[in-house]
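Each remark here refers to the structure printed beneath this line.
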Amino acid sequence: MPVLTTDAESETGIPKSLSNEPPSETMEEIEHTCPQPRLTLTAPAPFADESSCQCRAPHEKLTIAQARLGTPVDRPVRVYADGIFDLFHSGHARALMQAKTLFPNSYLLVGVCSDDLTHKFKGFTVMNEAERYEALRHCRYVDEVIRDAPWTLTPEFLEKHKIDFVAHDDIPYSSAGSDDVYKHIKEAGMFVPTQRTEGISTSDIITRIVRDYDVYARRNLQRGYTAKELNVSFINEKKYRFQNQVDKMKEKVKNVEERSKEFVNRVEEKSHDLIQKWEEKSREFIGNFLELFGPDGAWKQMFQERSSRMLQALSPKQSPVSSPTRSRSPSRSPSPTFSWLPNKTSPPSSPKAASASISSMSEGDEDEK
């Protein structure tokens with residue numbers, strides 16, 4: 001590995017060039033005991049003061065090309081990324097993911113500035129420093145968190161944490177009287193750029209909250225927060241609560257309208273089914289009626305059969321034409337006598353009665369004969 005020479009430092013003390021010549025004095029080879037990247041995610045990332053790099057082996061200077069080729073397992077590339085990380089969001093996570101995957105074997109250290117330093121150079125934060133530290137510890141790409149990180153990186157800080165490269169987006173970051181706080185890092189060849197995620201930032205999230213302040217104030221009042229906790233005046237509190245009641249009424253009306261629409265739709269579906277069933281039943285009824293009372297229906301045949309039976313029952317039986325006549329004596333009177341005339345009975349009320357009377361008459365005639 002190339003070794004850093006003593007005269008290869010810039011004015012700030014940051015290494016600037018490399019020498020391929022071995023050091024003049026021979027040194028005993030010492031194994032690296034640098035902290036290894038996290039392999040399991042069962043616990044949050046440690047803080048730097050809890051697990052600082054105590055490796056006694058010389059920390060050789062690496063070029064970006066050498067780091068991309070890969071380093072020994074016991075010598076991971078130590079990449080540093082810093083920031084405020086207020087309202088930790090997906091843009092922060094994507095930047096840290098890029099910093100973590102810059103090299104095959106990398107150890108990502110993340111520096112988080114304190115509240116005092118942030119309020120002095122950037123402005124007020126939504127989350128306090130303890131909350132921001134914890135948010136970084138639970139990001140899967142972070143191997144170590146450095147609390148109270150410096151605003152501008154010094155050679156002492158880089159040497160203390162044995163930092164090989166600094167990862168940040170390539171846009172010049174003007175702050176603390178400097179046009180770009182990473183200028184000296186770039187000049188030393190220790191800067192590796194990452195890409196910003198468009199459409200998401202802490203300032204964008206705060207802008208949304210400020211723009212929809214009334215909505216979020218009403219939301220938190222409805223969830224049990226007091227006006228004092230929200231720093232809301234008495235008049236605004238009453239206004240927000242009244243607006244919440246109006247919204248509830250609107251929601252109830254909306255629900256009633258939706259239910260009424262569903263009811264109407266169900267009624268329409270049922271009426272359509274009912275009309276269809278009526279049509280089917282009416283076709284069936286008309287078919288049965290025509291089958292029964294039509295020109296060739298069963299009712300006509302049955303009526304004809306019954307009519308013929310009634311006629312046969314009402315009309316008397318005639319004697320056959322070819323039957324022989326009996327000889328009568330001249331002394332006897334030819335006129336027959338009827339036994340039913342003196343009784344003066346009423347006519348039969350039914351065909352059966354009529355047939356019975358006719359049969360009785362015929363029997364009487366035969367007796368007289």
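Backbone N, Cα and C atoms are what each Cβ position is placed from, and that goes for glycine too.
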Of 239-266, 267-294, which span is tagged coiled coil by TrEMBL?
239-266
Treating G and I as helix alongside H, and B as strand alongside E, what does DSSP give for the domain 'Cytidyltransferase-like' (80-208) in helix, strand and coil?
45 helix, 26 strand, 58 coil
